[in-house]
Amino acid sequence: MDTWKVGPVELKSRLILGSGKYKDFGVMREAIAAAKAEVVTVSIRRVELKAPGHVGLLEALEGVRLLPNTAGARTAEEAVRLARLGRLLTGERWVKLEVIPDPTYLLPDPLETLKAAERLIEEDFLVLPYMGPDLVLAKRLAALGTATVMPLAAPIGSGWGVRTRALLELFAREKASLPPVVVDAGLGLPSHAAEVMELGLDAVLVNTAIAEAQDPPAMAEAFRLAVEAGRKAYLAGPMRPREAASPSSPVEGVPFTPTGPRPGRGPQ
C-alpha cells in the first residue's frame, strides 16, 4: 500500500479537500465520499463566528478527520490564537497554518508564518504551513519541525493551474531534506493535480475547483483519479524527454529503408 504520513498520522488518500464554497452540506458530503478523502480542512474562525454556510459544519463532517486551519489570520499572533481554538473545538493536534495579510492576492506572509510555526511547535502542534513556493523558507520550516510544507501552485481560488512548476520542481529535487510536500491553492482541473503528482510530490489540497464545479461529486471523483494516475506515473518511472524523435519500431531490414547519407550529414 502506497501510504504517506503527516507526523504520526498515516494516510492512504493523497487528496485533501477543503470544506468551503459548497452550496450545501449534502453536496459537500457527496464530494468527500467521491474523492475518498480522509482529511478535510475547516476554517476555525468561520465556525467559531457562525459565519453563513458554516453553522453545523463540524457536525456535517462527522466521520471525517478534520484539519483545522487558521484562515483569516493576518498575523502570527492571530494564527496562534485560532490554532488553540481549533484544538479545543476539534480535539485535533494538527493545524493548517495560514497567515495572509493581503486581501487582494491572498499570498501568505513568510515572516509571520515562520514566527507562528515556531510558537505552535513549542506548544506541541503538528504544523502544516501554507506558503509560497520558496525552497529556502521550506527548509527553514522543516528545520523547526513542521509536519509538512504546503507551497502554492497559484493564488488561492484562481484555478490558474501549476503556474509555479519550475519552483515546485526544486521541491521535488530536494524532497530528501523536506517533510511531505502538499501542493495547495490554484489547482483548477484534475490535470493540474496529475501534473503535480507526476513530479513526485506527496499530495494536493483542493477546494474551489471541486466546490464550484457544476457537479462537485463528479469533479471530486475526477480529481481522485487524477491524483492516483499522477502518483502511479511517478512511481512507474517516466521516460526522459529526448531532443529528437526516436522511432518506436526498428527500421533496419525494412523494405525501402533509405540507405544513402542522411540529410545534413554529407557523404559517408
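Using the three backbone atoms N, Cα and C, a Cβ is placed for every residue, glycine included.
Swiss-Prot names A185, G186, N207, T208 for binding 1-deoxy-D-xylulose 5-phosphate. Of G145, G157, G237, the residue it gives for the same site is G157. A count of other CB atoms within 10 A of each Cβ picks out N207 as the most crowded of the binding-site residues N207, T208. Residue environment of G157 (1-deoxy-D-xylulose 5-phosphate binding site) contains 18 other Cβ atoms, counted within 10 Å of its Cβ in all protein chains.
The maximum pairwise C-alpha distance among G157, A185, G186, N207, T208, the residues recorded as binding 1-deoxy-D-xylulose 5-phosphate, is 9 Å.
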